[in-house]
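As written in TrEMBL, here are the features:
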- 31-364: domain 'Acyltransferase 3' (DOMAIN)
- 57-83: transmembrane segment (TRANSMEM)
- 104-122: transmembrane segment (TRANSMEM)
- 134-157: transmembrane segment (TRANSMEM)
- 169-199: transmembrane segment (TRANSMEM)
- 211-234: transmembrane segment (TRANSMEM)
- 246-264: transmembrane segment (TRANSMEM)
- 276-294: transmembrane segment (TRANSMEM)
- 314-334: transmembrane segment (TRANSMEM)
- 346-367: transmembrane segment (TRANSMEM)
């Protein structure tokens, strides 16, 4: 979820450009992608606040879908940037500098603050302990320890494994394309996706990936590379939108139906068929939906509203802090873990939402945006 938004330097003047213009370069912002990110951010909050708690509402457990969409969207945006800028003489230096400016300040501020509060408050903030090595959070390796110890670690920092995974992806993604002949890009990425699918299948069937089957970079290759494959296809105008528009628009629905069938077949969202093939199907559906927004399909304007784009803009800070705010408020006010089983718990959970939004907005304005903008001053040459 730590992608560089759907804009790169020079795009400020295009912030309000309509998605129907079907932008073709990374210098033009696509508002609908911001809106999609905002909607997925709301999905995560609803899932963690009202779904994934002891008395939660099962149908609201949509956070996993949001995470997979984030991965595909991240792959698309980063892939598009790499494809268009990789020939710049200073590409690697500027690419990694901008990534650091975009992700590190907010991540380390939130992570260190949460770890510090957990230490200071102790039992007054239940489930704040960190059975994973603290240093793993500082070097973006907590996802590997998550699999090793079969624990999400400090619960209020549990979403950070996805950010660690994306940082690892950013580290290797440029070289994947730069060291491969252009004509072999698609074959390589499709091949690696199938390898990732096979590795995830092996891990699930042998019980090695019980916590999160896509927590490791190799086992999530098909999901992350789905976005990069889409970026290459769009850049090369390889998809005849006029001819295949209906097919593309039906693909997300078909993938949702097939995923639902897998879930029912397994009888659970943690069944082996779902855990192996579910992310694969969902990544294809997410890629098709992103293509719809990029090409300006009739659905695109629905994602261009100010509310969704607002949440898309503060999504990174929301993602980092929403669980901590929820846990802190329940711990200090009610002396327990988050739940919605009583009116008091529902009230505290509901109150945590505006607190999270306010905190995330402040962090975005005083920390994330200024440093990100400084990073964008370093131009491609």
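Using N, Cα and C of the backbone, Cβ positions are placed for all residues, glycine too.
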With an 8 Å cut-off on Cβ pairs and a sequence gap of 6 or more, do the transmembrane segment (211-234) and the transmembrane segment (134-157) reach 3 or more such pairs?
yes
Report, as numbers and ranges, every residue of the chain located at least six residues beyond the transmembrane segment (169-199) whose Cβ falls under 8 Å of a Cβ in that stretch; write 'none' if there are none.
74-75, 78-79, 82-83, 86, 91-92, 95-96, 99, 217-226, 228-229, 232-233, 276-277, 280
Please work out which recorded stretch in 104-122, 134-157, 276-294 has the most C-beta pairs separated by under 8 angstroms from the transmembrane segment (314-334)?
104-122
Quick check for me: are there 3+ Cβ pairs below 8 Å between the transmembrane segment (134-157) and the transmembrane segment (104-122), leaving out pairs under 6 residues apart?
yes
Which bits of the chain, at least 6 residues beyond where the transmembrane segment (104-122) starts or stops, bring a Cβ under 8 A of a Cβ in it?
2, 128-130, 134, 137-138, 154, 156-157, 160, 163, 316-317, 320-321, 324, 328, 331-332, 363-364, 367-368, 371
